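Following: one structure in structure tokens, then a few remarks.
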Amino acid sequence: MHEETHPLDDPATDPFEVAQTAAADIARLTGVAQHDIALTLGSGWGKAAELIGETTATLDATEVTGFSKPALAGHVGSIRSILTPDGKRVLVIGARTHYYEGHGVRRVVHSVRTAAATGAKIMVLTNGAGGIKTSWTPGQPVLISDHINLTADSPLEGATFIDLTDLYSSRLRELARTVDPTLDDGVYCQFRGPHYETPAEVQMAKTIGGHIVGMSTALEAIAARQAGMEILGFSLITNLAAGIQTTPLSHQEVLEAGREAEPVISDLLARVIGVL
Ligand code: HPA
């Protein structure tokens, strides 16, 4: 496919201005001037939006400045505006750009910066990931308590020193646990991917304090903090990480675990959004 020039690829472009333009596109196309909460749907979470409330507008991601089509099956490609029963406006982003696509970190965090520019104060980041804790089973959702960014990259440019303490808000995790007190949590390690980790890398992640391995979220969380948003992170454990489970990993397995878990995690996510 012919790759058109992308507004974020010129280093002279201000990524926050592009996000402002994208937010204006969303306001115009949805008819909703301000959103309260933004939600990024990772693999397995695709249907989770449906129970949150009434979808008042669905946009193709390509209609919004700076967004691209998702690279992969299992990712949705749409942006929706949802009205919850208690009157909150939720921006549901089904179009995540992954770091492994190689388009640079500005494109990865554009959705988060756009969400902030639409007015969202809370960023809910979800993903499908591998689990390191042997007490976990595929299909189980867990809260992200912190992260280890193994991409050696950052969405921050220049001398922008930002505190990342309590990045995954303990206040929001407590609220989530009012809905499901059994929710476990763990430290998310973002690897670059797109290959899955080697068993040795999983052991390294475990040794340095990680419990969840995946290919998204950490860079987005940093950008969300920079934008002043409060962050809630959920991982759907689609498989035990390489070497923890004895069978080889496959994208098919990840998708299937997501499909099977869908009804349960959709219900969970909708109820959690309801208490935020
Ligand atoms: N590792 C990295 N990313 C993933 C995994 C995994 O085991 N499962 C789903 N996404």
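Placed from the backbone N, Cα and C atoms, the Cβ positions cover glycine too.
As annotated by TrEMBL, domain 'Nucleoside phosphorylase' applies to 37-273.
Taken from TrEMBL, the feature phosphate binding site covers Ser43, His75, Arg96, Thr97, His98, Gly128, Ser216. Cβ neighbour count for His98 (phosphate binding site): 22 (other Cβ atoms within 10 Å of its Cβ, all protein chains included). When secondary structure is read from DSSP and collapsed to three states, His98 (phosphate binding site) falls in the coil class.
Its own atom aside, the Cβ of Glu197 (purine D-ribonucleoside binding site) has 23 Cβ atoms within 10 angstroms in the protein chains shown. Here TrEMBL flags Glu197, Asn239 as purine D-ribonucleoside binding site.
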Under 6 Å from ligand 1 by C-beta, which of these binding-site residues make it: Ser43, Arg96, Thr97, Gly128, Ser216, Asn239? Sequence order, please.
Gly128, Asn239
To what whole number does the mean pLDDT across the domain 'Nucleoside phosphorylase' (37-273) round?
93
Cβ neighbour count within 10 Å of Gly128 (phosphate binding site):
26
Around Thr97 (phosphate binding site), how many other C-beta atoms are within 10 angstroms of its C-beta?
26
Measuring CA to CA, name the entry from the binding-site residues Ser43, Thr97, Ser216 that ends up nearest Asn239 (purine D-ribonucleoside binding site).
Ser43
